[in-house]
Amino acid sequence: MSAIRIDGKAVADTLLAEVGQDVAGLRQQGVHPALAVILVGDDPASDVYVRNKVQRAEAVGIRSLEYRLPANTSEAALLERVQALNGDASVHGILVQMPLPAHISEASVIQAIAPHKDVDGFHRENVGSLSLGQESLVPCTPAGCMRLLRTVLGEDGLKGLHAVVVGRSNIVGKPMAALLLQADCSVTVVHSRSRDAAALCRQADIMVAAVGRPAMIGADWVKPGAIVIDVGINRIATPEGKTRLIGDVDYPAVAPLAHAITPVPGGVGPMTIAGLLANTVKAARQQTGH
Ligand SMILES: Nc1nc2c(c(=O)[nH]1)N[C@@H](CN(C=O)c1ccc(C(=O)N[C@@H](CCC(=O)O)C(=O)O)cc1)CN2
Ligand SMILES: [Mg+2]
């Protein structure tokens, strides 16, 4: 039996429809949610993500402000832009597209965003609230993974399961582990220094792969019947001289033994932008008391 293919595009479309209704309701009450998106430099993938964020925001009725700054923008100039947006009460969400050019400290920029406008959920105040199980703006990709898991397992279906997160990045691995723990999973985080990573992964009822290494997770890493969430988005060359996207999971090898699995593309990726817009609405509500 082949696995359930978790359709992230369909789940994201449902979330976007909910966000659209929330935005319409807020606008009737005189609140127009607004998202500022800042891109520094001309990385082609970032350019596409930013364009998609702005288009999707507008499609659900969120006002978007787009700032495209040259690659040689100084850290001071970027911080100045962030401070100006922090002080603008008509802007509810601020997002700085990552990665930033090497001469700019991502950490400094993230900490400069007002926590209540930090719709990526990367600021230490939001990270701290998440790990304490308190209300916060949650990073969009891990929040999206949780929603996909609940579509398969139901609202309470994660309780007591063993979840293994592969990767310990600040933007996916760590917040993912915190969210799974909050859902009453037993959580293991596997990383590049873990001893016998494959054996740890084979214990997983739920596996979330977020390492950025194409097809690293093969069939011998996965317990039959596991639910596999693939966060990896790796662009690889094809023999025909083109490129294509693949995940961190070897999909053709793993799908036959998993209970459910996300494809790449069309799995976790679409949830990221939908989650961002949901966070923008949440931020607008919090800031306006609606
Ligand atoms: N400030 C941020 N920077 C980055 C984030 C983030 O959440 N906040 N995440 C990634 C990039 N990203 C959004 O910014 C992102 C990545 C992928 C997708 C997506 O929809 N992927 C599709 C495939 C798209 C394609 O064909 O290229 C999929 O997986 O189906 C959306 C958003 C790093 N930076
Ligand atoms: Mg993301």
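Every residue, even glycine, has its Cβ placed from backbone N, Cα and C.
Taken through DSSP, the domain 'Tetrahydrofolate dehydrogenase/cyclohydrolase catalytic' (6-120) splits into 59 helix, 19 strand, 37 coil. The annotation domain 'Tetrahydrofolate dehydrogenase/cyclohydrolase catalytic' is assigned in TrEMBL to 6-120.
Residues or ranges marked as domain 'Tetrahydrofolate dehydrogenase/cyclohydrolase NAD(P)-binding' in TrEMBL: 139-287.
The annotation NADP(+) binding site is assigned in TrEMBL to Gly167, Arg168, Ser169, Ile233. There are 18 other Cβ atoms within 10 Å of the Cβ belonging to Ile233 (NADP(+) binding site). Under the three-state DSSP scheme, Ile233 (NADP(+) binding site) falls in the coil class.
Residues Gly167, Arg168, Ser169, Ile233 are the ones the record ties to NADP(+), and the longest Cα gap between any two of them is 16 Å. In this structure, Ile233 are the binding-site residues from Arg168, Ser169, Ile233 whose C-beta falls under 6 Å of some atom of ligand 1.
Helix, strand and coil residue tallies for the domain 'Tetrahydrofolate dehydrogenase/cyclohydrolase NAD(P)-binding' (139-287), in that order: 55 helix, 30 strand, 64 coil [DSSP].
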